[in-house]
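Copied over from TrEMBL, here are the features:
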- 15-486: domain 'Major facilitator superfamily (MFS) profile' (DOMAIN)
- 17-40: transmembrane segment (TRANSMEM)
- 52-72: transmembrane segment (TRANSMEM)
- 84-101: transmembrane segment (TRANSMEM)
- 113-133: transmembrane segment (TRANSMEM)
- 154-171: transmembrane segment (TRANSMEM)
- 191-209: transmembrane segment (TRANSMEM)
- 245-264: transmembrane segment (TRANSMEM)
- 284-305: transmembrane segment (TRANSMEM)
- 317-336: transmembrane segment (TRANSMEM)
- 398-420: transmembrane segment (TRANSMEM)
- 432-450: transmembrane segment (TRANSMEM)
- 462-482: transmembrane segment (TRANSMEM)
Amino acid sequence: DAVETEEHYKSRWRSIWIMYLTMFRSSVGFSIVIMSVWPYLQKIDSTADASFLGWIIASYSIGQMVASPLFGLWSNHRPRREPLLVSIAISVAGNCLYAYVHVPHSHNKYYMLTARALVGFGAGNVAVVRSYIAGATSLPERTSAMANTSACQAIGFILGPVFQTCFTLIGEEGVTWEFLCLQLNMYTTPVLFGALLGVTNIILIFTIFREHRVDDMGRQCKSINSEGEENDALDQDTEGNIDHVAVVALNVLFFVILFVFAVFETIATPLTMDMYSWTRKEAVFYNGIILSVIGIESVMVFMVVKMLSKKTGERAILHGGLMIILIGFFILLPWGKKLPNIQWEETKNNSIPRTVPTEMLVPVWSWQEVLSNHTEPVGCPATQSWCLTTPMVYLAQYLSSDVLIGLGYPVCNVMSYTLYSKILGPKPQGVYMGWLTASGSGARILGPVFVSQVYTRLGPRWAFSLICGVIVASLLLLEIVYKRLVAFSVRYGRMEE
């Protein structure tokens, strides 16, 4: 057996920490502009509407979904430094393009769409990051390493909007550098900061990152990606086939987990505006606070599951996480008798405030007229017919659901990645991790589309009932494949479970 030296151990974990940074930078690249995309889009291109905004938001996930298997395949056959550097360079280029989308005289919205797609394409290196961490950790180390990876990703999602908020102090005009045709303002500075993080990431990968690989017992192994760095290490015994039934099942479960969380994120603002008569500003502000608290809760959960998994195992925790999410969405079902406030109720009972012009006393208001008169209708729109018959979701229900989903999602996220990497074992994991990342990206695209259609047309009762049905089906799938979700080395008798 090749015993790991202290220097090898330190170098291995330095490289893993650089992968943590790469994951953090990737998630910051997504979230740092998410609150400012819409006002910036309106400023640079007056032809852009809300539907095009949806394409810009989705372009990140589409780019990541396309790139993940490609970068994963690349990392299986070449040093991982190559796809990592190329992907980060693409992200930096996308951020720089975003900073210059105001320069062209036309079609600015398409340049913004391209910029966000490039940033998402660069984020496809998530598959490379996770496959490297899976190969560079022993079986006892892996759950902790995967939890740390997800925690760095979650922290990036939390801090991205915080950075954006700080950069708003620069203002919309900011400073213009004529010789570079560059405007430093509240919209461009965040992406330039993201580009700076990317350049720092590239330098660290060049100078510190090294290819390392250990087997499930922690012994040094020769890596196909090492370029001779570990020629004296032992080749790992890779005999045996991957259980593809378990692999497909985990891809399906991961899709469901990301799908229901994307639904939860998407539904938060319209649901609270409909049920509690919040204005757009109130809904964004309060839900921003709630999501920030959930993010902090998630980071704490990531730390706890590392210890809990040693006692109960990953499969049991994944089962428990899905049950918690199911309970969270079940609580969201409307149960009472009280109906939400109807947005056009004032029109029917002639109690319109005198500040509203008489020409606006019609069942359907003009948003332009409403906003020009500094009046914003609130409540559940009568155009959504279910508002007239469906009971409201009480605030206590909504907050309880937030807590439960914020608890269950990170548990399922970490356990899915951990089980997946252990099932693949010593086999090259790049492509497999790419497909897992792609399934998650697809879920983040389809989730908002699903909920926007079902919720708008049929209401929360149908939307959340269907989600509960999807989660129940995933629990049944987990029960069917439960005994197959074991580590590669355990399956072939090389280690005890």
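Think of each number as a place in line: the chain as shown, counted from 1.
Here the Cβ of each residue, glycine as well, is placed from N, Cα and C on the backbone.
Against the transmembrane segment (398-420), stretch 284-305 shows more Cβ pairs under 8 Å than any other of 84-101, 284-305, 462-482. Only sequence-distant pairs (6 or more apart) were considered; of these, at least three Cβ pairs between the transmembrane segment (317-336) and the transmembrane segment (462-482) are under 8 A, so the stretches are in contact. Per-stretch counts of Cβ pairs under 8 Å to the transmembrane segment (154-171) identify 284-305 as the leading one among 191-209, 284-305, 432-450, 462-482.
Sequence-distant residue pairs (6 or more apart) of the transmembrane segment (191-209) and the transmembrane segment (52-72) include fewer than 3 whose Cβ atoms are under 8 Å, leaving the two stretches without contact. Beyond its flanks by at least six residues, the transmembrane segment (52-72) meets 30, 34, 37-38, 41, 83, 87, 109, 112-113, 116-128, 131, 429-435, 437-438, 441-442, 444-445, 448 of its own chain at Cβ-Cβ distances under 8 Å.
Per-residue confidence over the domain 'Major facilitator superfamily (MFS) profile' (15-486) averages out at a pLDDT of 80. Within the chain carrying the transmembrane segment (84-101), a Cβ under 8 angstroms from the stretch's Cβ atoms is held by residues 22, 25-26, 29, 33, 44, 67, 71, 108, 111-112, 114-125, 128-129, 181-183, 188, 191-192, 194-195, 198-199, 201-202, 205-206, 209, all 6 or more beyond its ends.
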